[in-house]
Each structure stands twice: as C-alpha cells, then as structure tokens.
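The structure under discussion appears below in the form of structure tokens.
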6 protein chains.
Amino acid sequence: MAVFFILMFSLILSSSYAAVQDFCVADYRAPSGPAGYSCRRPETVTVNDFVYSGLGVAGNTSNIFRAANTPASAAEFPGVNGLGISMSRVDLAAGGVVPLHIHPGANEVLLVAQGTLVAGFISSDRNTVYLKTINSGDIMVFPQGLLHFQVNVGNATPVLAFASYSSPRPGLQIVDYALFQSNFPTQLIARTTFLGIPEISRLKAVFGSTN
Amino acid sequence: MAVFFILMFSLILSSSYAAVQDFCVADYRAPSGPAGYSCRRPETVTVNDFVYSGLGVAGNTSNIFRAANTPASAAEFPGVNGLGISMSRVDLAAGGVVPLHIHPGANEVLLVAQGTLVAGFISSDRNTVYLKTINSGDIMVFPQGLLHFQVNVGNATPVLAFASYSSPRPGLQIVDYALFQSNFPTQLIARTTFLGIPEISRLKAVFGSTN
Amino acid sequence: MAVFFILMFSLILSSSYAAVQDFCVADYRAPSGPAGYSCRRPETVTVNDFVYSGLGVAGNTSNIFRAANTPASAAEFPGVNGLGISMSRVDLAAGGVVPLHIHPGANEVLLVAQGTLVAGFISSDRNTVYLKTINSGDIMVFPQGLLHFQVNVGNATPVLAFASYSSPRPGLQIVDYALFQSNFPTQLIARTTFLGIPEISRLKAVFGSTN
Amino acid sequence: MAVFFILMFSLILSSSYAAVQDFCVADYRAPSGPAGYSCRRPETVTVNDFVYSGLGVAGNTSNIFRAANTPASAAEFPGVNGLGISMSRVDLAAGGVVPLHIHPGANEVLLVAQGTLVAGFISSDRNTVYLKTINSGDIMVFPQGLLHFQVNVGNATPVLAFASYSSPRPGLQIVDYALFQSNFPTQLIARTTFLGIPEISRLKAVFGSTN
Amino acid sequence: MAVFFILMFSLILSSSYAAVQDFCVADYRAPSGPAGYSCRRPETVTVNDFVYSGLGVAGNTSNIFRAANTPASAAEFPGVNGLGISMSRVDLAAGGVVPLHIHPGANEVLLVAQGTLVAGFISSDRNTVYLKTINSGDIMVFPQGLLHFQVNVGNATPVLAFASYSSPRPGLQIVDYALFQSNFPTQLIARTTFLGIPEISRLKAVFGSTN
Amino acid sequence: MAVFFILMFSLILSSSYAAVQDFCVADYRAPSGPAGYSCRRPETVTVNDFVYSGLGVAGNTSNIFRAANTPASAAEFPGVNGLGISMSRVDLAAGGVVPLHIHPGANEVLLVAQGTLVAGFISSDRNTVYLKTINSGDIMVFPQGLLHFQVNVGNATPVLAFASYSSPRPGLQIVDYALFQSNFPTQLIARTTFLGIPEISRLKAVFGSTN
C-alpha cells in the first residue's frame, strides 16, 4: 500500500504548486487577468473563504431610490472567483425602485424573498418590454446586457430580493448614474439621447454630477 | 426619418428568423444540442417564459431524507436555457439532510433563507472537508463536481434554502441513489468502494434497488 | 496508395453527415439554439456563403439621427454563424449621431474609414466617460454591455465607419428606442429613470411610441 | 418517503424531454449546430454509444505516406459529441510519415504506444521548429492551428500512436492535399506559395489533383 | 524586402513581451489564475516543455487497490497548460481496481492499451449504470462529474490504460479517500450517506483516516 | 441619500482592487496567462488605452510579397486584451499577395476598403478551395486554422483591407516562413511535404533560412 500513498503524496505535492485545482480563491494582492483574480495557494484557504455573511444584513435604503444593492461578487466574496457565479442582495423600502440598469457581464435570476415587485426588461431586437408583477417565491430571469428595472409596488411593504448572476463579475451600470453622475458633457448627452438640456441639468443636480 | 425606420424594420424582420437574439427560450419539442434546447421563435415568447413560480411552494419532506429539492433548471424554467444560470429550492424538515451529492455540470452558491445548516464539501486534491455551520442570510459556494452535503442542525426548525448554479443544467448525482437505487451490481459496488456486502444489501433495501 | 484514399473517402463520407467541420453556415429554416443557427450541410455550401456585399452600400441617413447602421451579423451573413465574429457598417451624415446604445452580446472595435467622430463609452464601476475624437484610420474598442455613442463632428463631412464584434449576434439596444419607441408605460419610465413626465411624453412623440 | 420519490420521478420526467443532462450522444439524423450534433434522447442511449472499438484495428498503410489515420471524432464516436475531447489512431509503417498538417479545431497530445518518431511543430510567432525524437511511452503536445508532422525513424519498426484532441471535431488539414489534391489553380498556388510551376505540377500528379 | 522583414521583426519584438501566442507553457513560480498557470516567456521555452516521459513508466501497484494512477496534468506537464487537454496513465495489477471516483473538471476518454476491464459510469438523471467489458484497443468516454470506476477482470493479466481529459486540470476525487481518508466526522458521514457507524469506522481504519 | 452613496462608494472601493470590471487593459510588465495579459488597475487606464492609431498608416510593401500586415492585437493594442476581438491592416501594392497562411487562434473577417482581391481558403474535410474575387465594400470570412490567401488582382491599384479577428491573439503562421525561414531541416521538409530538395533549397535562399 505504501507506494500508492506515495504516489498520492506526490500528486498532493505537485498540486500544492498548482493552486488551480477545484477552486481559485481570489488573491486580491496579486495581478488579475481576463479570467479573474489570481488564486491563493490552497494551503492558505479555509472554509471561511467559501462562506459570505454580508448578504444577511439589510442595506441602507435612506437614499433617493429608497433602495440598496449589496454585492457578493468576486471583489467581496473571494470564493466565487473564476466559478461563473455570484450574488447580490436587494432591499427596497416602501416605494423603492431599482432604477433602469444593465449588467454588462452576466445574466441574472432574481428571487423575491419578501414583498411584491413590478419587474421588467427590454429586448434589443423589438424593443419589447417584458413586464410582470412578481411575488415572494417567484424568480425572474434578466438576460445579459439588457436594460431592466424593479419597482416595489407593495403597499408599504419592504421588498427583499436576491439576485444571482452567471459571472463572478456581473458589473452594474445604472443609466442615471452613467448620464448624470458622471463627467458626461451636457451637450453630448443631449445629442446622443435627445433629452432636453433643462431636463439634463435638472437630473445632474439630482444625481450630483460635478460636471 | 422614414428610411431609418425601414432599416430598423428590416433588422426586425431578419431577427424574426434568427430566434437567437438576447435570449433563447427553450423549445421542448425541437432537438436539443450540447449547448441546450432549441430556441422558440421570439414572437411566441411572453414574459411568463421568464418568470417561474415553482420555487414558491415548499417541497414535500415526508421521505427518508426529510428533504426536498425543487429544481428550476432549463428543463422546468424555459427562460434560463442557454444563459449559464439556474436555481433550485431546498426544504429540510427538522433533522433533514441533503445527502452526499455532486453537481456534475455547475458550481453552486447556496443561500440560507431560514434555519441553520451544517454544510460542507470535500476538495479533490487533499481530501479536505471544508465544513461550516451557516445561518439565515449566509451564502456558501460549492465548486463543480465535488462531493458536498447539508444537514439541518437547528432544533426542530425547518430549513429553507435556495441554490443558484452556474449552468442551466447543473445535474444532481446523489451518491446513495447512484449506488443503491440503481442497477449497480452488488459485487461491483463492493469491489469499487470496499463497502461490505451486508452493508450494500442493507442500503439497497433502504433505497429500493431492484437489482 | 489505394487504401489510404479509401480511408480519406470514408472520412469524407462520415463528415458529410457531420456538417460541423471547419464552419457552420447558417440554415435559417432549421431550429436555432443557444450557440446559434443550425448548420447547412457542407455539400450545399458555396463560397458565396462566406462573402457578403451588403456593407458596400451606404445606408440611408434621412432620419432623425442622420445615421444608418447596416448589420452583417449571422442573421444576414450566414458564413459567420458560430464563429465568434461579425460586422456592421455605420454611416453618419453631417451632424449625424449613433445614439446612446449597448451591444448586449459582444465587444466592439470601430474602425473609422472616413471622417471625424467623437466617440465614448461609460464604465460601470466608476461612471467614467472614456471620450475621444477619433479620425480616419483610428480604431476604438467598446466593451460589451456598456453604454456608448458616436457623433459626427466633422464639418459637413460624412462619416463612414465599420464595427467589428466579438460575436455573430452582438445585438443592439438603442436607449431612446427602448424607452420611447416601446410599450414601456410612461409612469414606469418616470419611476425608473427620474425623467419628468413631460419630457417622456415629448420623446415618445419624437420616437413614435404608440403606448 | 412516497412524495420524495414522486419529486424524483417528476425530475426524471422533465429530464426525459431534456436530453441535455450529463451527455449529448450524437443524433446523426437531426440538425447540427455550432456546438455539435443534436442529442439523442437519453432513453435510447446505451453503453455502446460510449464505447468505440474502431481504434483497435490497424489502419492500412499501403499508400504514399505509408501511414494511416483512423479517427474517433464525434462523426464516428457519438458519445464524445459536445464533450470537448476525441481521439484518433496513427499507424506508420517503416519509413512512414504523417505529412505536414494542421488541426484547425483542437490542441493535440500524441501518445507513442510503439516505435520511435521524430515529431515537430512550428510556432507562429518566431517560426521556431520544436523538434524531438520521441519513444514509446512519451507524450507530446501540438498546439491548435500550428503546422506539425511525425516521421517514423525506427529501423523497420512500425509506429503505433494515439492522438487525443481538445475537441470532438479537431479537423485535419494536410498541406499536400490542400494544395495538390484540391481544385486550387496552379497559378494561384504559385503566387501564394512561391513554389515553382513544375514542382506544383509534379506534386499535383503525385496527389491526384484533377484540376 | 527589407521593410517587410522589419515589420516581421517588430511583430516578433512585440510578441516577445506577449508570451501569450500559440501556447502558454506553465510558469510554476508565478501566480496562477482561473484559466491556469502564468505563461513562461517564449524565449525560455524549449521542445522539452512539450514532451513528457513520465507516462512511460509503470506506476507501483503494491497498494490496496493494486492500482496506480500517474498524472500528466498541467501540474506535471507544463506544455498542456491552458490547452484544454491532459492525460494520465493507469496501471492495474491482477485484480486491481480504480475505485469509484469523479473528475470534477473534465470529461475523460480511456484507451485500453493492454488487458481487459469492466468499466462503468452512473448517470445523474436516472441513476443508470452504463457498464461494459472493454478490451485492448477500445476507448470509452466518461462524462465530467459523474461517478465511475474500472476493474481489471482479466485473469492475472495486468491492465495498462491511458486516460485523456478535456482539461489540463481534470482533478480526481476518490470517494473512499473523500470519506475515509479525510477529516470528515464519522457522525456526519453517517447522516449524509446512511452508512452504518461500524462500517464507517472499519473503512476509516482501512484508508487511514486520523479523524 | 447619504447611505446610498456610501454603498456606491464602497462598491467603487472594492472594485478598485478588482481591476477586472468591464475591461482588462493589458499590463505588459506583469505575468500573462492562458486568457491573456494581466489587467492594469482601472485608475491608471485612460481613453488612449482604448484607441489605436497604428492602422491609419500604410505598411511598407517594398518586399518580396509587395505586402504589409500591420497588427492591432493585444500585443500592440492593450484595450482589446481579454475581449475576444482584434484587427490588422493589410496593404498590397500592385501585384501584391498575402501568401498562404493560417491564424491558429481566430476566425477572420476581411473588409476590402480599396481595390480588388482574389481571396480563398481551403476546407479541411474535402480540400475544397472556396475562391472568389472580392471588391471594395465586400467582407469575407476565413474560418480558424484553415489555410488561406489573398492576391491583388487589380491592375496597378493598391489594395487596402482590414482584418477583424475573433480573438485578441489570432496568431499568424505564414507557410513559406514556417518552412523556409525557420530552422526546419531540409531533409525533414522533403519527407513531410514531398517537395523536392532543389525546390526547398531554392526557397530557403529566397526566404533567408540560415539552416
């Protein structure tokens, strides 16, 4: 039996240099590449790298959207690095809204844990708005790169939902932020969206563009 | 402006033959391939194809595991076909257990919605059991193809959890079923697992192998 | 030598059923799947399936954007099906603009063949507008799923440009169309974008929403 | 326990329409797509679809190369469809050669089972010929899309080797066949290769071009 | 001609910084990532990085399984890093067995070079055991993430086989090792497998668990 | 509103360590891996990393091919790293030719911007030469890993063309260079191509092999 274990042992040894077996827990201090963060050596990995408790706490919804998004992507949760999956928590106070946005890097499935939402996405080929009221226990899929949104339509009931993504780095582009909280010149916004200048200026004030 | 819309219109026309834009809602009556089911034509797709309510209902846990797994993979939820993501619901009665199993086709992130679990997976390179007690709000990742399990350790409290997968077809291989509810010959089980024949026979009786 | 050719012949025979060797020219009449259109049998394929002349003709820019986009995706150009690449032609009359839009399914590299553009995209993580004046011979990359735009800033000079995509199905979601030429309810637009109702109504009139 | 089995049963039922679980045995009579052949329904699949005996028989080497290549790609071996792997058998009589060729669709690892080869490939960036004499038990890797070759240099000893590929459809482009057994016009060969016309004509005669 | 060569030269120069052309020979001293090891600079690569002789030597089968597995994955064979392929050698003495195991990261094709095996895998959807006696020259495919095994059933004849994998890092999870040679608590094994405690204790003694 | 911005701020902070959001601009001084170069930190990235002007300048065609290829792959254009796309510029003087070559790592679409070409590729399964005269405005696709070529057949008119690739690292293997400008031994060329020794020697002199 001895030699068999020796062979196994040598397999373990060589693997200890590999750090690429089974999982690739993110090493935030080493270079990252197109496929994600570098991997930590497996001997430094513990079960805590595979568990994340940050989604157990409600986000603060005292903001203009009455909403909070708490991510558990590879940047916060090292265990999902390279694994094609991640999550986030969505809290919506009464009247809260997840404004029109895109995930450039992932498809999403949203699980409603509490409350009632109107949710929708817009297809690119026909500009169809796929719109539905969804309730606790429902799941809805939002394809990658398409504009979508969710609105709390329950009377005074907060919404708790969890989004799952098909990538450890889904990204999040909120249209209002992209336009009105960025360095996007007003004239260029007007030309590329046909929005009126006064409306743009109003929204830049709302969203805090310093441009 | 006319011509621009005509161009758009022709784009729509050609897309109507494509059925491959933005999403690929499963057509269960057409051939499937390595990448998933065929796509339904977009003009037949409605928002209901993107919403699934089957996870809102508790599974029946009156079984030997005191557990139920309710899938929302591409086979049940046509909207996730081809999108690299799917979900399932896990119910565990008091003392319930998700027995040792593998998802051959996906990484998993499990969200505990209610209750307390002991969960773990075993790495392939060092046979390390990554084991932790996880509570409501926690998420834990289980890498693809590795043996893992969950046990309800809360006193008399049922567990509700939701699993997200990095594929619309994660697969589910329960070791007990593979060995003891299949046509796996007893002698061959013994030789390939070193389990004793009496133990195999006992478990075949428990799990209902007719072999 | 005979037998060697026989072997080759049998290889050809088996391949004639395969239709999956080297390329997969789109069969628009068979089912499509997540990876694209079905393949035509190679014996029915000619060189014309690999050549497309539709980009040699200027699009009609007599529209509100003074712009035309002429696609050569898998829906128009069967030879790129399954090959991870496609193109489109962009014409901008004097003062023309490619309005704010997203390609949900592809990264883009734009080649300026004639004229001068101001082009930009907005990153999702910091809402940075990456903005530059680009000239004939320049190429610029626009990452997948991010809002971007191009404006003809040359004095009275038309712009001709060619976009290449990292997918045969890049998709094209124009924000103005998604919002104002769709069935997106005005109240919901207002809640999810913070645009004022009068502005929404004005733009719905401009873009022809019948909602 | 009843309900649990019912749940399992319903899982099986839905899977029976899926035909996409675990494997995708090729259905040669249904359409193929960019990802491979359509899948046969799992209830029609037997273990024989996963076993192939065609590589157990020596190919006939009575040809100009004194060589035979016997493929076990998805076109011959339905069980590897969609699985990212396939094989072939290589027989070289004394003095036999696998002429300069490319696999457009796969990386290759060649295992020498018997005999001695000189094998090599040429890198694209520096035109370096990586060349080595390899013996029984050795494996050598040939990266995708690079020109490579093998020559039996053993004195009168036949070579038996097995190639493994990183795709079920590696493809095989033999340079001599592409140039001299095809409809490639002689003048065009000359212009694009700088080979002399007499040499081209000689080789067209050798390889049987009817052009 | 000069300038053309200069252009080529500049291409070579820029490529010398790239180290990502054609192949990516593993650099075991640099960080690894989700896609594999870092690449060595091409100017330090020789043909020996693409050839591996470790599979030419029989593994030592003097162990409980009368078996040996000798891997040639990216951890041992730097030339396959990033190339979607690797191999291993399997030796089985008379009566030897490759015990029930999974490759979490790859599909496998097994080539029998000598002897007779009974081999099988278990599907996840129906718990079907696909079982067959395979002989020298046969190949059999084992889909990713599914439990499988091989048993030498030849009378006193050793088996020599070679496994090819669809990944440079297939992984290897032996069920007996995962359960009985790991830190998996006995009570938890019992609850998640329904094995009896005495049987677990017996096998922990056999496989050397120190838990 | 304060807390919402704080959440956003923390998202930005964590992303600032990620360097993997939206894009992955090549860091030429850090290790590269199978998926490409390491990413530069986003705070060091400017719009100039996404724009490349090198294709605006004609290559020098004073060489034996009367041709120049100017690449804009990830090695020259850091913005396309990891994005599945790149380009190059092709100049052909009167009578110029892009000699028989392969891109081992990408499919290609060629856009003719000026002039008239005869272009073709050879399929691997049937050795069919797909051959066509293409003009300004035409695009033609060349599948990955297949031998192809272009010849300027316009009377004294230079050709300008732009190639797009389905990878940031398409690679370029010119058959004449691989054979006659490399360290490929003459005897081995002869045995693996059936070219005559005098012809090989002649071409080695033409292409400058020092071997």
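Glycine too: its Cβ is placed from the backbone N, Cα and C atoms.
From a predicted model like this one, the values you see are computed outputs, not experimental measurements.
Features of the protein shown, as given by TrEMBL:
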BINDING   E:His101, E:His103, E:Glu108, E:His148  Mn(2+) binding site
BINDING   E:His103, E:Glu108  oxalate binding site
DISULFID  E:Cys24-E:Cys39  disulfide bond
DOMAIN    E:62-201  domain 'Cupin type-1'
SIGNAL    E:1-18  signal peptide
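For the Mn(2+) site, the Cβ centre of E:His101, E:His103, E:Glu108, E:His148 serves as reference, and the other residues of the chain with Cβ at most 8 Å from it are E:Ile102, E:Phe121, E:Phe142, E:Leu146, E:Leu147, E:Ala163, E:Pro170, E:Leu172. Cα spacing between E:Glu108 (Mn(2+) binding site) and E:Cys24 (disulfide bond): 22 Å, rounded to the nearest whole number. If you compare Cα positions, E:Cys39 (disulfide bond) sits closest to E:His103 out of the binding-site residues E:His101, E:His103, E:His148. Using a Cβ-Cβ cut-off of under 8 Å to chain B, none of the recorded positions E:Cys24, E:Cys39, E:His101, E:His148 qualifies. Close to E:Cys24 (disulfide bond) in the fold, though at least 6 residues off in sequence, lie E:Gly36, E:Tyr37, E:Cys39, E:Asn81, E:Gly82, E:Leu83, each with a CB less than 8 Å from its CB. In sequence order, the binding-site residues from E:His101, E:His103, E:Glu108, E:His148 that place a Cβ under 8 angstroms from a chain F Cβ amount to none. Taking Cβ-Cβ distances under 8 Å and a sequence separation of 6 or more, the neighbours of E:His148 (Mn(2+) binding site) in its chain are E:Leu100, E:His101, E:Ile102, E:Glu108, E:Ala119, E:Gly120, E:Phe121, E:Ile122, E:Phe142. When the domain 'Cupin type-1' (E:62-201) is classified with DSSP, helix, strand and coil residues number 22 helix, 58 strand, 60 coil.
Neighbour counts were taken at the CB atom with a 10 A radius for the binding-site residues E:His101, E:His103; the maximum falls on E:His103.
Between the recorded positions E:Cys39, E:Glu108, E:Cys39 has the most other Cβ atoms inside 10 Å of its own Cβ, all protein chains included.
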